[in-house]
Every structure is written in C-alpha cells, then in structure tokens.
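Per TrEMBL, the features are as follows:
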- A:89-109: transmembrane segment (TRANSMEM)
- A:177-199: transmembrane segment (TRANSMEM)
- A:219-240: transmembrane segment (TRANSMEM)
- A:247-264: transmembrane segment (TRANSMEM)
- A:276-300: transmembrane segment (TRANSMEM)
- A:349-371: transmembrane segment (TRANSMEM)
- A:391-410: transmembrane segment (TRANSMEM)
- A:463-484: transmembrane segment (TRANSMEM)
- A:496-517: transmembrane segment (TRANSMEM)
- A:537-562: transmembrane segment (TRANSMEM)
- A:622-688: domain 'CBS' (DOMAIN)
- A:719-776: domain 'CBS' (DOMAIN)
Number of protein chains: 2
Amino acid sequence: MYGSSVLTAVGLRSEGSNYVMSNGGGVMSSTTHLLDFLEEPIPGVGTYDDFHTIDWVREKCKDRERHRKINAKKKESAWEFTKSLYDAWSGWLVVTLTGLASGALAGLIDIAADWLNDIKEGVCLNAMWFNHEQCCWGSNETTFAERDKCPQWKSWAGLILGQEEGPGSYIMNYFMYIYWALSFAFLAVLLVKVFAPYACGSGIPEIKTILSGFIIRGYLGKWTLLIKTVTLVLAVASGLSLGKEGPLVHVACCCGNIFSYLFPKYSKNEAKKREVLSAASAAGVSVAFGAPIGGVLFSLEEVSYYFPLKTLWRSFFAALVAAFVLRSINPFGNSRLVLFYVEYHTPWYLFELIPFILLGVFGGLWGAFFIKANIAWCRRRKSTRFGKYPILEVIFVAAITAVVAFPNPYTRQNTSELIKELFTDCGPLESSQLCQYRSQMNGSKAFVDASPNKPAGPGVYAAIWQLCLALIFKIIMTIFTFGLKVPAGLFIPSMAIGAIAGRIVGIAVEQLAYYHHDWLVFREWCEVGTDCITPGLYAMVGAAACLGGVTRMTVSLVVIVFELTGGLEYIVPLMAAVMTSKWVGDAFGREGIYESHIRLNGYPFLDAKEEFTHTTLAREVMRPRRSDPPLAVLTQDDLTVEELQGIINETSYNGFPVIVSKESQRLVGFALRRDITIAIENARRKQEGILLTSRVYFTQHAPTLPADSPRPLKLRSILDMSPFTVTDHTPMEIVVDIFRKLGLRQCLVTHNGRLLGIITKKDILRHMAQMANQDPDNIMFN
Amino acid sequence: MYGSSVLTAVGLRSEGSNYVMSNGGGVMSSTTHLLDFLEEPIPGVGTYDDFHTIDWVREKCKDRERHRKINAKKKESAWEFTKSLYDAWSGWLVVTLTGLASGALAGLIDIAADWLNDIKEGVCLNAMWFNHEQCCWGSNETTFAERDKCPQWKSWAGLILGQEEGPGSYIMNYFMYIYWALSFAFLAVLLVKVFAPYACGSGIPEIKTILSGFIIRGYLGKWTLLIKTVTLVLAVASGLSLGKEGPLVHVACCCGNIFSYLFPKYSKNEAKKREVLSAASAAGVSVAFGAPIGGVLFSLEEVSYYFPLKTLWRSFFAALVAAFVLRSINPFGNSRLVLFYVEYHTPWYLFELIPFILLGVFGGLWGAFFIKANIAWCRRRKSTRFGKYPILEVIFVAAITAVVAFPNPYTRQNTSELIKELFTDCGPLESSQLCQYRSQMNGSKAFVDASPNKPAGPGVYAAIWQLCLALIFKIIMTIFTFGLKVPAGLFIPSMAIGAIAGRIVGIAVEQLAYYHHDWLVFREWCEVGTDCITPGLYAMVGAAACLGGVTRMTVSLVVIVFELTGGLEYIVPLMAAVMTSKWVGDAFGREGIYESHIRLNGYPFLDAKEEFTHTTLAREVMRPRRSDPPLAVLTQDDLTVEELQGIINETSYNGFPVIVSKESQRLVGFALRRDITIAIENARRKQEGILLTSRVYFTQHAPTLPADSPRPLKLRSILDMSPFTVTDHTPMEIVVDIFRKLGLRQCLVTHNGRLLGIITKKDILRHMAQMANQDPDNIMFN
C-alpha cells in the first residue's frame, strides 16, 4: 500500500511551492514560525500523562525558549532583571535546599533508628530518649570491656523481672526483642500500605526509571517522603535484614522533587527536574556513606540518564552540603562523616591478591545467586495469591528474623555495627570476641607492636562459628526481605554478607600465615611476630565485592569504599575484588539487581550500559508489521474533525504521523494524541463555528474549501514539524543509540522519503526482550 | 528548483515496488543487506584523510560488526576462542600498558627535570647525576636551616672561581644560570622545530579536538612522544614560566595511541582509539598531580567527548596503574604520590570565606585577563612576521626570564618547589624566610602549640615584597610563554600565581587577626596566642582559584586539590573560591584557555559545554544558500562513470547525497567523496569492462540498459543507506544536540520527504561563530 507511484496531488503542489518561497526568504519563514509558536498556547498541551515517557528533546527546547524569553525581558526593568537573576540562581538554590534537607533527614533517621533499635533490648532509665551508647556516656565504668554495661541502661528483663542474668531473664529479653521487632515491622508495613504504597522497597529502580524520562506521579511526593522517613526508621529498627542506604537516595530525591516545585524553571520542565533529581541522588549516597565524591559518581554511573556537566558540578555541591549538614548533626557521636571509618596500619602484600580475588569470585557468585533467587521470589509474589497479603508476609519474615537472630550476637546487633566491627582491625584496646587471640609476648612488646599476628584463641573460633551461621542466615533472609512492602535497602545486607565472608577468609589467611610461616609466600613477606595480615581489610574487600556483585557498580563503589578508608593504599585490592566480582556476576547475567527489578516491573527503561549487538534493521522492528493493519496516519489538510476523532477513538496510539496525502506518503510532522484531544476540545469550547464537519488542517494556510463549508480548524501549533526519522535500512544499533542519547519516545521510519512506519521506545524494548528470549509483553508502559 | 511537482519517473516505480517486496519479507531483505556488506570490501573505504572529522556512528557500527564476527567465529576452534578472549581483554591490556608507560615516563621526567634544573646552579662533586637534594642526603649537616648546604654540592662559582661568597661569585653564578637557561631553551626549541613540530605547547587543546573526532596524523606518534619527553625536561629546566603537568597529558596520550597499535580492535577503529586516549589523559593527570580520581574527572569534564561508562572504569584503572608506577619510582623521595602533599592542623572559620571568595575573584580576573592577553599575543604571532622566528623568540623570552628571575629567590627556584613552600604551613621546624615570625612566647609553650599566630618578623616582610615582585613577573612572563614553540603547561604557572597571591592575603589576614584581635570577627574565633589563620591554606585556595579561572575546570579541579590535602575539611573553601573564579571568569567570556586556543587554531570542535541559544532553523544554516548553485547530488541509477567523476572533480564537497531522481528529489543515501574515488579506481583496475561510459548505480539491481552499453558499475556497498536527516523546520538547537551527541559529520535536510540541503559540522561552527559576531572563516577544517 505504501510506495505506489501516482500523481502527487494538490497538497504537494501548494505546499511544495510554499516551500520554495520560504527557502528563498529565510527571514520571513522564521517570523511566521515564531507567530505559530505564540498563536494559541492551548493549556495542557505539552504535559504528560501518568506512566508515560517524556520527550527529552521537546522539554529541552521548551527550557531554551523560556530562557530566551527571560533573557529578552531582563533589560526591560529592574524587576525583570531581578527575576532573571533569581531564575539563574534557582538551580543552585534548589540543590542547596535539597542538600540541606537530605543531610538533616539522614541525621534524623540515623539517630531515630539507633534509638529505636536499642529499645528492642532495653531502655535508659534516666532519659528515655537516649540510646544505649548515649545512656552510658556519663557512666563511671571506664574499662573498655564493660563500657556498654552501665547501671542507667536496663534490659527489659532487668526492668520487668528485676534481674539481668539467668535463663528467665534471657527468655524475657528474647520475648521482648521479638515483640518490639514485630511491632515495628507491623507499624511500618501498615503505614506504607495505608498512606504511601510507593514508599516501599529501596526506590532505586524506580528512580532510575524516572530519571530516564518516565513519569510516576506521587513517587517522589511529600506523602512518600514523610511515610518513607518514618517507616524506614521502623523497618531498620525491626531487625529485618535490610539497610537504610538505598532508601536514603529515595528520600533525597523526594526532597529534590519537592523543592523543585518552588522554582518554575524546574517544576514546569520534566527534563530540568531530572537534573535536580540527579543531584539529589548524589546527595543521598553522600549522606548514606559519608562519601560525597562517591555519591556523585554513583549518580553518574548508576542512576542518572541525562547528566550534563552542569549537573555534575551541582551534584557535587549538593553532595557536599548534605555531607556537611550530616556532620554537624553528628549522629554517630564521633564527628566523623563516615559510617564505617577505619584506619589500617599495615600495607598489603602482593600474594594477598589471591584471597582478594577469591573474595571477588564469592561476591560475584553471591550477586548472581541473589539476583536470580530474589527475582524468582518476587515474580512468585506478583503472580500468585501470595502477594495479596503483604502485611502478613512482613510480619512472618520479621518473626522468623527476630527468632533466629536473637541467639546469635552477630545477627542480634545492628547490621551497620556488625559491619563496623568486622572492618575494624584488632588493636590492643579492642574488646571484641573477634580479637581474643592468645597472646604470646610479654607486655612491653605488645605495646611496641600493637597487633602482630597471633594464634587465634577460643574466642576467635567461637566467633567464626557464629559468623558462619550469621552468614547463612543473612543470605537466606536477605533474599526474602528485599521486595517486602517496607522500605528496604540492599547495600547494608550485601555488605554484611561480604564482610562476614571476608573476615572469615582474613582470619583463615592470618592463621595460615602464623602456623605455616615457612611457606614460600609467607616467608617472603611475613616475619614471625610481625603483623602482616589485616583481617579487617579482608572484610572491607569482601563487602565491596558482594555489593559489586549485587549492584554491578564499579568506579563509584571503589570510590565510596576509598572514601571510607581515605587511603589510596587499599584501592588496588578493592579494584581487583570489585572487577572480579563484576566479571563473575556478568557471566551469569548482565543485569544488576536494579535493572532486574526494573524489568520485573515492566518499566520502559532503555539501559545505556547494555550494548545492542544484533543485526536487525529498523524495518524489522517498526510497526506496522506484515500482518498488522496499515499505520494510522493523518493527512495534512483533508480530514474533518469527525474523521480525526474517529481515528483517535479507534486506535490507542499515543501519536500520529501527519503526511502530505495518502498517495504520496511524504511526511510532514507528528502530532500527539493527547495534544490533539486537548486542542479539539479547546477549539470546540472556545472557537465559534467549529463543527464536526469542520476541516482540520496542519498546513500554514487553510485549504481552499467550498463556500458553504464550516470554519476550518488549524492545528499547526500542536504539530511537531521536526519529527525524528530514520530510513528503513538503518541498523537497529544506531536507532537504539539515537533513542538513548537523545531521549526519544518515538521515531518515524521512511524509505526514500516516504513514510513507512514508526518505532517507539516500547517497540525497541520489546524487540530487545525478544532477542534475549524474554517475554516481550513484559514491557508494560509507553 | 526543488519541490516542483511532476510525474515521478522510472526510478521511483521500480524502486518503490522493490520496497514493498522487502517490507513484506523482512528476512529476505536482511540477508540481501548482509550480502551487500560482505560483497567487495574495497581497501581504503572507511578510512579518513588527515585533518578530517571521523564519523562516530560509522566507526561504532564497524566495531560492533567486528565484534559480531569474532563472536560468531569463537565457537569454531580453540584458536578462535583464544583470539576472542584476547580481543575481549585487549581493552584492559592497552590501558594497563598505557598506565605503566605514563607512570614510568612521568617518573623519568620528574627526576630528569629536577636534576637538570639544579645543574643551572651547581653540580654534585662526587656524583654528577645527583640533584642538589640527593647530593646532600649523605651530608653530616643536620640542622634544617643548613640542610641544602653541603660540601659535596658546589655552585658554579665555587667550582670555577673557588669561592662561594662575594659579588664576584654572585655574578659568576648569575652568568652560569643564564647560560644554562639559554642552552636548555635553545636545545628544546631546536629539537621541537627540527624533529617534531607537534611537540610544542601543552597539547591539551589538540587532544580535546582529537578526542572530539578530528584526525591529526602524527600528533600522538612516537616521534612526538620522544621529542616531547626530552624537550619537556629541557623546557622545565630552562626556568621558563611553564609547567610539565599539561604536557604530561600529551605524553600519556601518545603512549595510549602507540600501544593501541598493538591491538587491531583499537588501531583500526578511530572511535575505539579515542576511548583509550580518554583513559590515557586520565592517567596523565593522575601522574601529574598524584590524583587518580581527579584525573578521571578531568578526563570526563575537560578533555573527553565520548565517554561511555566502560571508559570511565578503564580510565580509573589506567589512572591508578600510572599512579602506582610513579609511586614505586618515587621521584620526590618522600614515598608520596602527591606533588604538593600538605597537612593542615587547624580548621577554617566561617569569616575566612570572605578572603577565600576574594581570592576567587582574583582568580577569575586573572583567568579572563590571561586568556585575552595570551590569545591576543598568539594571534599577533600567527598573523605577523614575528611568528617566523620561533627559535629567536624562545631564546629572547628565556633570556629575559633568566635575567629577571635570578635575583629573586622566589622566582629563581623551581616553580613546583615554590608552590610547595607556599602551601606549607609554618611549623616549628620550618626554616623558610616566610616563617620568620617574631616569637613572643617562652620555649615550653612553643612546643605545646606549635604555630600560633605571631607578629610577622622582618623576614616575612622581605618575603612579601619579593613575592609581590615574583607575582608581577610570573603574570607577565606566563602570558608570553604559553604559545612558544616548546612544550609548555599552564597548570603550574597558574597555580604559582594563585599561591603567591593567596599566601600574601593569608599573611595579611593573619596579621590583621593578630593586631586587631578585638575586632568582632576575630574576637569570636581567634583567641590571642592560638593559631587561627593558616596562610598555607590561602595559598592553596588561591592556586585553585587561578587555575580555575584559566581553565574553567570545576569538579575535577576541586577533586585534584582535595586529593592533595586528603581532607574533606577544606573542600568548602576550595569550592567557594573555584565557583567564584568560574563565575567571574565567565562574566568576561565563557571560553577557557583551551577552547580559546582551539578556536584560534580553527579546529572543528563542537563544545559540549556551550549551549546553543539562538532560534535559527535548520533551513537557515544548511547549504545551498539562496545565492548558491544547487546542491551537488547523485542520482541512483542514471549517471555514467564519467559524469560521476565530473561531479567529483568540479566540486570539493566531502560527500554527496544520492537521490531517486532529479525530479522527485527523494533521498536514498549518502556517498563519501573519498569512498567514491577509491571505489571507481578500484573497479577500473580490477573489474573488467568498466569504461568511462559505464552506468553507475546505487540500487540493489542493475537498471535495464540498452544491449550494447558497457558493463554497469554497482556502488551500493559504499552507499550509506541510513544517512541522518532532519526536516527544514528543525530548530538548530536540536540539530546541534544531535551533532554533539551522535558525533555526526553531516546531516541532510529534507522538507516533506524531499531533499533540500545539507548541514555539516563546519556549517554549524560557522553559524555559531556568526551568531557570536566572530569571524566565521576562522573554522578551517572539515
């Protein structure tokens, strides 16, 4: 039906000669175009429906237009000049506000979660609102072993039964622990379910999708912010195997979104708003880990889609502001910005790269396994009746977690504290069970060389067993926890698993070096009595490897962990482990957990990292396919309002190509369904004489009509006269590249100048799913 | 002439029906397309001429094609599998090699420059090859004030005249200093002039242009590398006001380019090669400042054009490898990676932001002034006879520099040492003149609080005068030095100017705080006898501000300086100063020094940072203009070889659109001039029966010809069947965006499906120059 050669009709002639004129006189045509632009600005045209993709190109043009208007006006008066200044500064203002709010909220959440977490075990007698540590600050007990036992702090057994020791009080504490854990979990899921369903999960998959140009109304709204903040504290305190770091990114993005409403530059432009959100996500990671540079790189590498250099600079600023606010709040009481601040005193040796790479392999395997298992479980939850009872599920998981976690000290304690303990090197002042080595030297030497390698004592062996159990427990519970209807981050559980594995490997290598110091590798580097293995470093490397395996982050992960230690010294082990873990993980499937969840939810997300490697051409992907009805097109000047409405009602496409005539099939432009509907409604309400039989025209001048015909309707102002086109021979890899880099929603396909079909983002995603032998109907939105 | 409506001729009909077939059967058409691809791979097609722009899209397609071939083959045999593994790993290998080589070369250059620099003043008696510091390491003199005076080290006066003191020996030393400086400068410029003209300058403007897709053969070759390495050492040692940091980026890029020739994946693909170069430039900055993360961000922010995430990761790796190699070489003898390692012990106070911001203003003003003055001078050099004598010019500038520099200790010493001294805080062990404060406390207190604010002594006042003179000297000389025909970096001179200004301001504020400690701002923060102002920090902030003013770097600059100090503490002052300096600088002209030099040289560089803010449409920029002859086009099947050669010889365009027929003007594809020439030559040499009267066709099937006509020539394989098109109504801001993001060379303009004109990168750059009221003929290359 396309491409049959006939005489091209009236439309072509009139319009062709019109063109020669305007080509001749560039000035004239530019003014008419401008007039078109100012003519009838129909309210609602240029906005988007919920769960639709934005048109980046159009948004950026809108912003430049706005900018030009302000620039043109600014010389008119002092007031206009002030307004232009305000406009120029609003970018910095909004990121400053976002940084301030994110930092403050993060501090608040840290303090509240700490306090609520300690409530599970006991209460501070003289000041309810103190957590365990703060409660014991004023205490006279100064020995380090006893520092967290002080008379002011009463365990629940001590408070209720009046005794701190004995099986009865253990059971009492156990019971109270489970009671509080269940209460917190119940409250959290209830609040989420009733007030803000979007507050659940980590939010990063959705934020990635939103940043790539998708609209999810309310996902970053004030209710989500409020409920997420509150329930995050509850979820963390409930002892579930989850962290607060991922959700902090969501919280920061909510702040960014809310503040962007103060500035029309950002609130009225979806593309500009996403710049603020990129900066906000950098601020979120910055406060989550106390790593501003890592946060910026996280935003760049992991979440952002459109990241111009101006945004880089503002993200950096937002991340810094947030970090400084958090440091002034000082939630950890050590005036450190960093969650797990560690200092190691010994260098690493080349042979240690082997265990580090093994940890990388472990991290990659864990990541791949976790992604597969968690996605399988989440799919089950989505597809069976099972997902209908989110509250019961949360309570059930929380109950199991609490019951199993309490007896083991390493699972009972706060996960971040566990990670901190595992990262920390054994110094002479360290009282942890993990540091109970058998000392073989006299006192004086122990002070000179604080922590030489020593044979492990019974404490260490006990700790290793408990750590092994904790590892298994964490692995199982994390799979079932991520995806529950509570705010749940993955960073901390993943890091905990890696840190446990790493510490175990570290102690093993350490003992190997001690007992077999005559082996070649150890003889070269480790002298007896000197410190050559740092188990804490292994824990850190393991944590990075596991986090890398799950999220497939690379540079940002290394930089975040680098900012924790602050020394370039340990970057090489980290890189080795993270690289290995990424490669091992990628061998089982290239998607990280966030991309997998995006795909599970069917969001239209075109990943910039994934390469399109097939040889298909545009014509094989475009619609209409062979068996489809012909493409729904509009002709530029011979439809009536009724016919146009008919076409719109019969089809469900989001937009229609406008062509010169059915015969020539030459493309004029593209009109969006939403815009056409709004424009027709508006015209019928406001313009007189527009009837169902009125002719609709997209051309510059009205077509010549019989004298008795009703007033025609001009729709040129909603016509996109510069639609993107590719030829049918264009390889899909180029088309995908264009979609990604320009942020298109759709692209028209032509052959030798004639319109053939259309490719939308959804078509591409479906095609890619088909090529990867996945279900193409999984992509749900446009 | 375009758009006249007539019956569309044979071409359309045959081709139109052909299309319906291929649309019907996607499988068939895909195989024919593949056959086309494999048919006749003409040698030379797909390469580029010198001083031309590459086609990123085509290069990326070529690489994917290659990748697919390797992937398809790899299951065939173990050998193919090994080859595919080698191919997959070659990216990592090449960046590792680049990192190793850059680190090693940087170490070599550091050591050699140090030694040669000291030669100007004297010689080590027992070991010629030691520099001053190494010579005196074994010395018995242990007092700090005397540490650089040792019997082994003889000044030239000491060696020749036999006396170290007195006016005679001063004159002798002065003379020898000038002699060596002139010799080094002469040797440097001679080597550059004779062997490698591309080795001059900092190289960053050219590298930016090359990374954006321009071809300059030999710019990154082995000769340039060799000569640049040698002459860089000479130029630094000659005492000219230049640094080695910028040229180190060029050196690293040369390494990257040379190593990429070992791997066909990179040597045969200009786009892939640029990924290696991006990583190399990160390695260059990494070794220049000992700042790997800063280096990566520099590559991302300042030099790179196409920077996919994979490159980010590899750049990071290259930067780390280079940094570690440099550290193992340990050129500074302090096992520090960092050129100017500093540690400050006092925090900064909020009121200090005022002087920091003032330093930012100074930096911005200096940057704007420097750019204007330097560009004016360079333009003068280019346009007048003056530029014909580069050797004389270098000798002249070197002579003035040496004569003026020697008497002032701050200009005589190595610029990096000067910066280090200015950055360093006055501790109790510091012997510098800058630290000669009048001590007012007794000995015991001085040890407790090492460096309280004290009144300045005569040494400090003398130092300030000398610094002021040094500042004026550096400002003037740097303007005339940058642009000489020797390797010359800007980082160090800019930082020196900022550091001098900063230190002077710092001492001024310190003295203000000492003498006016009753002022409100000081009373709040500064108690008498405590240390509250750190002049060294001011020097660092000033250095960052001036460097920012000249280069307009932001994030990368802050991160580089952050990596020097290693503390998040001082990021806020740095950011405040760098931001102020950028804003102040931008107020006088948005271009940094590198962009200005790119424009001065007329390279076709489309800056990704600059926004296109005008409202022009594509049809106003495209060629042919109104008065131009019609667009040179090829028809798809009715030209003879002779006619085709005629069109090529009559015009100088780099490519020609191929259309269905002159009447319909419907676009089929685009063929490059170079490819057509090569293909015709190749055909006439290898295919029999191709005569001048042979018909040339770009269609799938040969046109029906009279029986006696010679064998037709099929050129479909060189036809780009997916040329980029935009409509004539497309705003230029979108066109510019497409060019930037996709890295196009040209784009065809259509109106309602008919070909109207063409827009090339050069057209866009000319249009932008016109809009900015600059000379559009300045853009010289395609």
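Counting begins at 1 with the first residue displayed.
Any Cβ shown, glycine's included, is placed from N, Cα and C.
Small disclaimer: the values here were computed from a predicted structure and weren't measured.
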Given a Cβ distance threshold of under 8 angstroms, which distant residues of the chain, six or more beyond its ends, lie next to the transmembrane segment (A:177-199)?
116, 119-121, 206, 216, 218-219, 221, 223-224, 226-228, 230-231, 234-235, 237-240, 390-391, 394-395, 397-399, 401-403, 406, 412, 484-487
Maximum Cβ pairs under 8 Å to the transmembrane segment (A:276-300) - stretch from the list A:247-264, A:496-517, A:537-562:
A:247-264
Could you tell me how many residues in the domain 'CBS' (A:719-776) are helical, how many are strand and how many are coil under DSSP?
23 helix, 19 strand, 16 coil
Leading stretch by Cβ pairs under 8 Å, where the reference is the transmembrane segment (A:247-264) and the options are A:89-109, A:391-410, A:463-484:
A:89-109
Please compute the mean pLDDT of the model over the domain 'CBS' (A:719-776).
88
For the transmembrane segment (A:463-484), sequence-distant contacts whose Cβ falls under 8 Å of one of its Cβ atoms, 6 or more beyond its ends:
189, 200-202, 240-242, 366, 370, 373-374, 377-378, 381, 390, 393-394, 397, 400-401, 404-405, 408-411, 418, 433-434, 436, 490, 493-494, 496-497, 500-501, 503-504, 507, 593
In the domain 'CBS' (A:622-688), how many residues does DSSP put in helix, strand and coil?
24 helix, 17 strand, 26 coil
